[in-house]
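J.: Just passing along the structure, written as structure tokens.
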Amino acid sequence: MKTKSTCAQNPNCSIMIFRPTKEEFNDFDKYIAYMESQGAHRAGLAKVIPPKEWRARQSYDNISNILIATPLQQVVSGQAGVFTQYHKKKKAMTVGQYRHLANSKKYQTPPHLDFEDLERKYWKNRLYESPIYGADVSGSLFDGKTQQWNVGHLGTIQDLLEQECGIVIEGVNTPYLYFGMWKTSFAWHTEDMDLYSINYLHFGQPKTWYAVPPEHGRRLELLAKELFPGSSQGCQAFLRHKVALISPTVLKENGIPFGRITQEAGEFMVTFPYGYHAGFNHGFNCAEAINFATPRWIDYGKVASQCSCGEARVSFSMDAFVRILQPERYEMWKRGQDQAVVDHTEAMGPTSQELTTWRVIQAPRKTWGLKHLRLRQVSRCLLPVATDSNIANNTQMCHTSRQAADSKGDEVQESDPAIAPPYPLGLSSPGHMSTGKRGLGRRPCELGVQESTNGAPVKRRLPEGRDDRSPSPELQSQSVTGDLIVNSDLVNPGPQHPVTASEGGLTSDP
């Protein structure tokens, strides 16, 4: 019997802050389930402050030579709190060079009284002095000795993507680093395949986040289509291009509920399935992020919308997740008769049948570990991007009973925004091949242009058969000192720690 229930907690969809004890911090899956039992998922975003004894990395003194292969200058057009963000590819630079640039007079954080004052300056001056973002740097800064909440090895059901299908998509099931400066931004979006994500701010200045509760996500999509009519006509899921910036003032004026919160160094942010989020950096900083999954996500993955124009499409097979964790629905799903209905208020208990099944099959596989890219300090060119033919060949490992099943669709029942009706089967029905294009947008070199692009860089699928723990033959590289990835042994946490709602709370028109 599944321990799913409609969560009565957090009816206001406030962004919650969690402070787990050292014991609670030992079991990632169980603590995420606990957070959802408290209603954290209803906000679409939550903050987790690690125990004071915990450290991600002992020292960041040796990272200045890490290469940012494709820094992106974020150029904005628009007015009155509604902007489109374009990206211009810049020359490669090291983290040390980027830090110097971020702290220069041209790009440094302006004087401000508090976070609210800085936020006003951000939206008032967004059109001026285009910042440069060091985004999508493959690798991890977590020490090998860091076992708890090491984003490079969370041990969630997302591991099935690599273990069952041999699929590795950079930034989805391998970590990415993001080096930011004042005003660098991430536009409104949900995660690819509507996965969860986790973001750890290693060091530097804070990051402000905005989030729309999943049960109100459809309202944001409808507003975005009105504000960006050209983009919406060109792609039914154009928000996946990650180019639309909408200010909190505009959201308020249009009655869109949202929350806001500021992440500081040493804190985690967790986004939940179909949770739209956006934000900006206060100054030079470094964050690390990756996607992950829980059994509650599976039905989201089945119906996740897809970019219809191919600009930022990421899809992969849902077969392994349904076959292994929802065996009673597998045959029906293969016939296209499993019309998933997503309830955004639903919570998955920490003792759910799917989670128990995952732990049983996970135990003998833990010694495998996940493969990850090491950080590059010297680079001659970018990693090759898989072509459509390469992608097709890569996914043959998941044929017959392992066909892709990523559904698309946008309609949500307006009478009850918390319930999403069945989505039409289409490109992501069983039998559709997986693709792996993602990121802030598509890289300029993939679009055939030299300077700018409407989106931002695509997260790359690694070439078939490549052991990404080893350097690519195209790269002359040296790893950062110390192991970056480690297997973690999960143990059950003790009694759960009290939580609080964020100061920002949820904002909407009265």
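Keep in mind that glycine also has a Cβ here, set from the backbone N, Cα and C atoms.
Swiss-Prot lists HIS189, GLU191, HIS277 with the feature Fe cation binding site. Marked as Zn(2+) binding site by Swiss-Prot: CYS235, HIS241, CYS307, CYS309. Feature annotation from Swiss-Prot assigns compositional bias 'Basic and acidic residues' to 461-471. The feature domain 'JmjN' is assigned by Swiss-Prot to 15-57, with sequence analysis given as support. According to Swiss-Prot, the polyADP-ribosyl glutamic acid annotation covers GLU23, GLU24. As annotated by Swiss-Prot, region 'Disordered' applies to 397-510.
Can you tell me where each of these features sits in this structure?
T.: Long-range neighbours of GLU191 (Fe cation binding site) (same chain, six or more residues apart, CB within less than 8 Å of its CB): SER197, THR271, PRO273, ASN291.
Within its own chain, CYS307 (Zn(2+) binding site) has CYS235, ALA237, PHE238, ARG240, HIS241, ARG313 as residues 6 or more apart in sequence whose C-beta sits under 8 angstroms from its own. Classification of CYS307 (Zn(2+) binding site) by DSSP places it in coil, neither helical nor stranded.
In this structure, GLU24 (polyADP-ribosyl glutamic acid) is part of a helix by DSSP. Cβ contacts within 10 Å of GLU24 (polyADP-ribosyl glutamic acid), excluding its own Cβ and spanning all protein chains shown: 20.
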J.: Quick check: which same-chain residues outside CYS235, HIS241, CYS307, CYS309 lie with their CB within 8 A of the centre of the Zn(2+) site CB atoms?
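T.: Checked against the 8 Å cutoff, the neighbours are SER231, GLY234, GLN236, ALA237, PHE238, ARG240, SER308, GLY310, GLU311, ALA312, ARG313.
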J.: Expressed to the nearest Å, what is the distance separating CYS309 (Zn(2+) binding site) and GLU23 (polyADP-ribosyl glutamic acid) at their Cα atoms?
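T.: Distance between the two Cα atoms comes out at 47 Å.
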J.: Name the residue among the binding-site residues HIS189, HIS241, HIS277 whose Cβ has the smallest number of other Cβ atoms within 10 Å.
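T.: Each of the binding-site residues HIS189, HIS241, HIS277 was scored; lowest Cβ tally within 10 Å is HIS189.
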J.: By DSSP, what is the split of the domain 'JmjN' (15-57) into helix, strand and coil residues?
T.: 17 helix, 7 strand, 19 coil
J.: Given the binding-site residues CYS235, CYS309, which one's Cβ is surrounded by the fewest other Cβ atoms within 10 Å?
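T.: Counting other Cβ atoms within 10 Å of each of the binding-site residues CYS235, CYS309, the minimum falls on CYS309.
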J.: Find the average pLDDT over the domain 'JmjN' (15-57) in the predicted model and report it.
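T.: The answer is 98, the mean pLDDT of the model over that range.
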